[in-house]
Amino acid sequence: MALPVLLLLLFITIPFSESKLSMEYYKKTCPDLESIVRDTVTSKQMANPTTAAGTLRLFFHDCMVEGCDASILISSNHINIAERDADINQSLSGDALEVVALAKTALELTCPGIVSCSDILALATRNLVTMVGGPFYNVRLGRKDGKVSQASRVEANLIRSNRTMEDIINYFAVKGFTIGEMVALSGGHTIGFSHCKEFADRIFNYNRTTPTDPEMYPNFAEGLKKTCTNYQTNTAMSAFNDVITPGKFDNMYYLNLKRGLGLLSSDHALVKDPRTRPFVDLYAADQAAFFKAFAHAMEKLAHQGVKTGRKGEVRHRCDAFNFIQS
């Protein structure tokens, strides 16, 4: 497929679902918003370098379930099991949750009751991606925080890494994303790590005759086996998604896929499927093309199911709905 055609297909997208968001939404009501969020996330990332990857994942898990409404931040209580306690969300980053809470606290001191947690999460994600070398993209503001957060709604709205590429493509299509956008969003795996249980089948139980996926680079597979030896008893065991430049947002993820260094089954499938391989090749060869595609896909993701006006609220605390706070 010719490069111009690839780029054309990438940017034929469904229009953003919400036009009420604005770059200047808080210009008069909270003019220091950008600087407060920037200072907060900078301090947190410097103290805990995995914050960027954790926040990016948190944002994706939020937007894909109830829309970008900070429903992922709600804590469970005696009458409700919230999203963050769903099985697939058990490994979400504590640092990511904390950085949003810290920014919210700082903003409540400056402009109380004005800035939503969902806008804070969207801004923090963009700033952290940029801080570790990724592309800058616009974040339009004006989201309200959702009033529903239920663990029972999560499983049907998030795709697991062991699903087929057919399932993954269909999942993203239902959410309004093209194949090119899906491959670009997968590039978020250029930072962060995955727990051993997410890829154990590839190194220990690939099939009855071959315990290890033969398409995984042998030395890489052996290293993962050593790292994950006790993963069933020590569930915190993990490995970097990008073994070459794990803390830098770049296009190394795609280069790794072509070398047999993809960690998750879904990562490796991108380089095998003829529908996704052209985009892997494009982003591996051209980091600028990847950054442009990723920025576009993130702007689109940030508009998933947003609530405005009376459809949501501005929470006083990010981990609890206003109407049930004492």
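Just so you know, glycine gets a Cβ as well, placed from its N, Cα and C.
In TrEMBL, annotation is done automatically, which means it is predicted and not curated.
Per TrEMBL, CYS30 makes its disulfide bond with CYS111 among CYS63, CYS68, CYS111. The Cβ neighbour count for CYS68 (disulfide bond), using a 10 Å radius over every protein chain in view, is 29. Around CYS30 (disulfide bond), taking its Cβ as the centre, 18 other Cβ atoms fall within 10 Å, counting all chains. Note on the domain 'Plant heme peroxidase family profile' (20-322): mean pLDDT across this stretch is 96. The least crowded of the disulfide-bonded residues CYS117, CYS196, judged by other CB atoms within 10 A of its own CB, is CYS196. Taking all protein chains in view, 26 other C-beta atoms sit within 10 angstroms of the C-beta of HIS189 (heme b binding site). Cβ-based neighbour count (10 Å, all protein chains) for CYS228 (disulfide bond) stands at 20.
Calculated from their C-alpha atoms, the gap between CYS196 (disulfide bond) and HIS189 (heme b binding site) amounts to 15 Å.
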